[in-house]
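Visitor: Sharing a structure with you now.
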């Protein structure tokens, strides 16, 4: 099948030249599959991307209803697109988590890279064995855009269930600034004290953001 002017459509281009040869607009068009009456699927793909300023991050963070509200998209296409984006996120996580020995704050930052793009604050507890290998993890809290609560009871319940010798607590700052707040420092001290009582060490508390990370261990605050 050819488009006007004899150029190959995205699916045919992928077959001939591979997915790397396609633009984001063409890849989205393949996921959408069809356009709407009077509008080619490539035009619909362009409209959709323009709605989110051409940013895959913004598109990925958008809700189903917001994506479906773009004229010609609808809920079925929105669901398909969100599923494709989620698969991409999970692939990224798998690639970043090899190896899973978290013996530096840089590795922790890479391990939790998907958190930096979230618009809501979440808290992740990563459970480690004595050699700092990951043996489990749990997302504890989904907070508002500017606040998240971390309770030692929840953190160490996760650790004890995993039979962990240590934990790394990670949370994101949607603002993009990883600088810890006064509350972040107080929570870190509470977690450290609770861990000492329970015999499960707080290996690190890392704040991640689009502009980098802050490690309490690296900064000598643990």
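Including glycine, each Cβ sits where the backbone N, Cα and C put it.
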Visitor: With Swiss-Prot as the source, which of 157-170, 171-184, 185-198 is set down as motif 'JAMM motif'?
Guide: 171-184
Visitor: For the domain 'MPN' (101-222), report the average pLDDT of the model, please.
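Guide: Here the mean pLDDT over the domain 'MPN' (101-222) amounts to 90.
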Visitor: I want to verify one value. Collapsing DSSP to three states, which class is residue 173 (Zn(2+) binding site)?
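Guide: SS state of residue 173 (Zn(2+) binding site) = coil.
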Visitor: Could you check the binding-site residues 171, 173, 184 and say which one's CB has the fewest neighbouring CB atoms inside 10 Å?
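Guide: Among the binding-site residues 171, 173, 184, the sparsest Cβ neighbourhood within 10 Å belongs to 184.
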